[in-house]
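Shown next, in structure tokens, is the structure this report addresses.
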Amino acid sequence: MKLAVYGKGGIGKSTTSCNISIALARRGKKVLQIGCDPKHDSTFTLTGFLIPTIIDTLQAKDYHYENVWPEDVIYQGYGGVDCVEAGGPPAGAGCGGYVVGETVKLLKELNAFYEYDIILFDVLGDVVCGGFAAPLNYADYCLIVTDNGFDALFAANRIAASVREKARTHPLRLAGLVANRTTKRDLIDKYVQVCPIPVLEVLPLLEDIRVSRVKGKTLFEMAESEPDLSFVLDYYLNIADQLLTEPEGVVPRELGDRELFSLLSDFYLNIENQTSVNKTEKLDFFLV
């Protein structure tokens with residue numbers, strides 16, 4: 001099974017991806033996580049350091065694939081999850097899709113691409129150009145990390161459009177949304193009512209999820225020394241269990257930009273109006 005994880009920049013895709021990878025490994029699967037971001041920090045919480053990228057390694061070998069060995073590019077991280085960082089082209093030049101293609105090509109040359117039960121692509125931000133949509137060419141399922149906010153859902157809608165487009169020519173489905181670090185899901189529910197997409201999980205608004213990134217550890221590793229965090233692991237294990245059932249998924253029908261803007265902005269305005277009414281009612285009560 002091949003998964004591609006997308007979402008708005010800064011929403012917590014890499015943190016979510018790493019914990020899902022470990023959850024899948026805990027279920028007995030052999031997992032490879034491929035970071036598809038020029039920052040090459042997708043697997044940082046798994047390995048504890050920034051591993052060399054595929055592109056850096058190929059450049060050092062003058063692009064002689066026959067001189068590259070698996071141990072040059074594949075690093076084992078926490079929980080037995082293997083890690084690869086694709087890297088990216090120089091700033092302002094090249095195409096990220098080409099880099100992803102070269103990564104897959106090299107892994108196939110090394111006979112590594114088909115050795116894993118699960119390959120998870122953790123993809124740069126909410127970029128949905130043809131280049132960074134390239135991992136969708138290889139994926140069975142796409143997951144979108146979001147929160148209960150306007151910007152994240154707007155990005156999710158654009159990514160859903162990319163999934164629909166790729167699904168025309170590839171056996172790709174959208175597995176669902178993962179809401180990261182939120183106490184509410186009312187705006188998410190409003191969106192999925194109009195654009196039916198499964199919600200796989202709603203992760204709690206827990207500061208330790210954000211701090212884990214700074215510590216360079218996954219929540220699974222942190223929980224070994226902080227037992228109070230053990231309850232959070234069940235959220236990721238639940239996502240893993242749903243994915244392992246090979247869900248039907250959906251080919252989404254995204255909303256038009258103006259339609260989505262109207263839907264989400266009306267939701268906020270209605271909340272503000274309702275809040276104003278409630279304040280007035282309370283004030284009248286006290287005046288009486």
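Placement of Cβ uses the backbone N, Cα and C atoms for every residue, glycine included.
The ATP site in Swiss-Prot is built from G10, I11, G12, K13, S14, T15, N180, R181, P204, L205, L206 plus one of K30, K39, K166, namely K39. Counting every protein chain shown, the Cβ of R181 (ATP binding site) has 19 other Cβ atoms within 10 Å. Across the structure, R181 (ATP binding site) and C95 ([4Fe-4S] cluster binding site) place their CA atoms 32 angstrom apart.
Spacing of C95 ([4Fe-4S] cluster binding site) relative to L205 (ATP binding site) is 35 Å (Cα to Cα, whole number).
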